[in-house]
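Residues or ranges marked as domain 'CBS' in TrEMBL: 570-634, 667-725. Annotation source TrEMBL lists transmembrane segment at 66-90, 155-180, 201-223, 229-245, 257-281, 293-314, 335-355, 411-431, 438-457, 485-510.
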Amino acid sequence: MLHCLIGHMNGAGNLMDFLDEPFPDVGTYEDFHTIDWLREKSRDTDRHRKITSKSKESMWELIKSLLDAWSGWVVMLLIGLLSGTLAGVIDLAVDWMTDLKEGVCLSAFWYSHEQCCWTSNETTFDDRDKCPQWQTWAELMTGHAEGGGAYVLNYFLYVLWALLFSFLAVSLVRVFAPYACGSGIPEIKTILSGFIIRGYLGKWTLLIKTVTLVLAVSSGLSLGKEGPLVHVACCCGNLFCSLFSKYSKNEGKRREVLSAAAAAGVSVAFGAPIGGVLFSLEEVSYYFPLKTLWRSFFAALVAAFTLRAINPFGNSRLVLFYVEYHTPWYMTTQLGKYPVLEVIAVTAITAVLAFPNPYTRRSTSELISELFNDCGALESSQLCDYVNNPNMSRPVDDIPDRPAGPGVYNALWQLALALVFKIVITIFTFGMKIPSGLFIPSMAVGAIAGRIVGIAVEQMAYHHHDWIIFKNWCRPGADCVTPGLYAMVGAAACLGGVTRMTVSLVVIMFELTGGLEYIVPLMAAAVTSKWVADAFGKEGIYESHIQLNGYPYLDVRDEFTHRTLATDVMRPRRNDPPLAVLTQDSTTVEDAEALIKDTDYSGFPVVVSRESERLIGFVQRRDLTLAIKTARQKQDGVVSSSMVYFTEDAQQLPASDPQPLKLRRILNLSPFTVTDHTPMETVVDIFRKLGLRQCLVTRSGRLLGIITKKDVLRHMAQMMNQDPESIMFN
């Protein structure tokens, strides 16, 4: 509440009122500290009131007020344009570098395999992946495309390229931007809850994360780019916030922009703008007012339009997994200590085991796309190797169920091995010191399991159509079961179990695949997967990651039902030293500086006197430090023995006394307080809904203690028989 006290400033001498002029960094927060949401909201209200008042003075001030009002929409536009552009570039680069592990396009080396064969006149539909312009490394080096020697050479170069890409990725992250590693979503959730992690959304992190994300995905590791794209979009949002003082000087307003940026990130990651808005609302945002909802929608829309204009997938759609089914659904019943070595080792194992299996050799996105696809008459995948009836005279989009051919059975064995491989390798890959997302690997695991189940049900329906679960809707010669739909539902179920997403997951899935008709099965899968996963533990992967890192994140979904009181949690405890406080008119500059030096508290209560301990207000540590430093530099006569006053008027001092220092302006006169008998259930709810940094505990106006967000988190951990010291930061 720095600026709401301006009207109370009376003239007490120009020297004492130097704080009437703002000085740099007042009201900001130190790294790894939590913001005060109430304070930030009050500051923005005062700023807006001041702009509105000035807008009536002149045309220029009116124009400035209009620019301020529209600055939010301008920021959203810029975020959408940049995040959409970066996502398109990343998609194109990943396609090219993934194919580079297997060969090169002679006509234009920057073409991926698919792009190279698009331009070829020799390509046929049956051999759509073969063209003279595209050559494998063995064919290019030895002139032989087949044979044992060519296979070994291609195998070796595949592993070599994968190791090179992953080594470059982990090296760039380790040397230039350590914050560029991982998914980024747990940290984004923590930042949006009010925590300060300086540099996590910086320009350097944005650059390195973009580059290394391409390298990491192209290496073939079992990771995705969707989570990191949310981090990239939030970096874009933070970048544009710095251009407008409205956002750069107010951490609460900045987080409104970052919430919208997260929506834009999901929009370009999945081609799902509506799902992106719901994802930001359901999964990552802590404070999401209605105004942020509209701006998130606009940012996601612009990002989706930008990505569509780039058209990275070459299919005139926003997504790679677009499918179209023609039947309705039916109701039935120690390496972590050495990050570079860890990445190289996991990459080597991944590449060596992935190459022999065609379903693990290709990129995970291509695998999911094939698993989702329906088997039409023109499909060449071995998953579609069914025994056809030569007398069949049905339309192409209504092919009946058929007995599986040898290709399907061969694919089932390969998919079973791929399922085990993906499950195991994803566990070790997520969390390494490179950009790594979990959306796509989780979807791949679910899609593989779903496709296997779908084929099994399809064959049971074909051979046993008289069973009770089939006979009412599955006739001989009918198209009864769509294995691709099972893959899609399985992907949603696995992703939901990992992240515990529900509403946003369903919307993302039907936007991702275009399968609007299958919302009900997707909803059933999302709910069921959440119930099953919750039986093992209430936290999703991101909440678990937050707990492992010890971030001070107070989840709004956690319930607190223990019968404890504020007095049980507040500090100081019975054997602790007394609470560090300042007095309103009997503290010297030396006393204040000693208190700052000897403690590491985020702020100090101000009382009338140490005898009465009647609460006056609260002053932030950083503001007090900056105020004293600035006063010593700019105000003559301020020395260590100068009195510090937090009152309206200073006492009349003898002329021989040093010049006093008046700091009432940095004092928050309305700190949030509770009584010592307030139930902790109420205190926890207050901290969640108001985003408090701390609250003071009083009895009849007398200060008893303080409860910080970290104290609340420690107490909750203790009540759940967890280690309270796992909460590392303030």
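Yeah, the Cβs are placed from backbone N, Cα and C, and that goes for glycine too.
Counted as Cβ pairs under 8 Å, contacts with the transmembrane segment (485-510) are highest for 257-281 among 201-223, 229-245, 257-281, 411-431. Taking pairs at least six residues apart, the transmembrane segment (335-355) and the transmembrane segment (66-90) share fewer than three Cβ pairs below 8 Å and do not count as touching. If you look at the transmembrane segment (229-245) against the transmembrane segment (66-90), you find at least three C-beta pairs under 8 angstroms, all six or more positions apart, and that counts as contact. The stretch from 66-90, 155-180, 201-223, 293-314 that makes the most Cβ contacts under 8 Å with the transmembrane segment (438-457) is 201-223. Packing against the transmembrane segment (411-431) from elsewhere in the chain are residues 182-183, 221-223, 336, 346, 349-350, 353-354, 357-360, 367, 381-383, 385, 438, 441-442, 444-445, 448-449, 451-452, 455, 541, 545: each is 6 or more residues past its ends and has a CB under 8 Å from a CB in it. Sequence-distant contacts of the transmembrane segment (293-314), counting only residues of its own chain at least 6 positions beyond either end whose CB sits under 8 Å from a CB of the stretch, comprise 72-73, 76-77, 79-81, 83-85, 87-89, 91-92, 95, 114-115, 118, 233, 256-257, 259-261, 263-268, 271, 273-274, 276-277, 280-281, 320. Averaged over the domain 'CBS' (570-634), the predicted model reaches a pLDDT of 92.
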